[in-house]
Amino acid sequence: MNVSSVNATGIVGYADSFSKAVTKNVIVVVLGIFITYINASLIHTFSKHQIFYMNPRYILFIHLVINDMIQVSLTIILFVISYTIYRINVSVCSVFILLALFTTENTPLNLACMAAECYIAVCMPLRHIEICTIKRTLMLIGLIWTTTMLSVISDLFITLTTQPLDFFHSQVFCLRQNVFPSPLIIKKRDITYSVFLVIVWGTILYTYFRILFAAKTASKDAKKARNTILLHVFQLLLCMATYVAPQLLDILRQWFPKNHTDSLFAYYIIVQILPRSVSPIIYGIRDNTFRKYLKRYLFCKDSIL
């Protein structure tokens, strides 16, 4: 059976036994359902209480949750397709890949924005209400999507100019480099990812050390904000693995030549699934206010529907 492991932008196909293929698909789908249920509870909790949807911090958080739900759903769909249909139309595949890229690249930028909001709340508390307004938060989310769209949509335009129209009617294994094969895209991707790395890590590190300094002499809230930034760093480390996916996959191929499908599957779980389970921990469990309301829906004390 020809099966696969999914990375941030697509799928890599290798031979796998039937029983192993079924086991991997069951694991992925079950994890996806569990994460979706948790995130749906978070979204429902957010939408039902004004204390959350009038707070810029929670707006950024719920945007991250929705983004993660879309991203997880897309990668699971691609994962299952790679085991069942295997080859799909280029046009259909390109839509999946583009959406997966949008949501994957959104996550680090959203985390950087959340870190900046924590910094303003702790280090500039008197100006927090003035700076972090609902309108500016929504504009910031729009800027995140605009940035990633400009970064990703160029792949499509480059392909349209370098490939014949018949190419988009052909059948391929749904992988980023199969639907966007131009070498120019690889060079553009490397430059874009390098810029994203510098901006996001610069923001995270600056805000962390400023909050760390404030936490030494300031309130309990500052120390909690510092710990929140640390969780963002952990989540960001996992997400940033997608920016160096080609290099990591080459290393896995060299280190585990006999168990390559298993190592790729572990890579998919760690890089794509695990980071999407950190967000509920940061706010759904650690945040006292959100936890109080979340319990009603998470344990079916109140219907989510």
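Quick reminder: no glycine exception, Cβ is built from N, Cα and C everywhere.
On a predicted model such as this, the values are computed, not experimentally measured, just so you know.
Database features, via TrEMBL:
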TRANSMEM  26-46  transmembrane segment
DOMAIN    38-283  domain 'G-protein coupled receptors family 1 profile'
TRANSMEM  58-79  transmembrane segment
TRANSMEM  138-160  transmembrane segment
TRANSMEM  191-209  transmembrane segment
TRANSMEM  229-245  transmembrane segment
TRANSMEM  265-285  transmembrane segment
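Stretch with the most C-beta contacts under 8 angstroms to the transmembrane segment (26-46), considering only 58-79, 138-160, 191-209: 58-79. Taking the domain 'G-protein coupled receptors family 1 profile' (38-283) as a whole, pLDDT averages 83 in the prediction.
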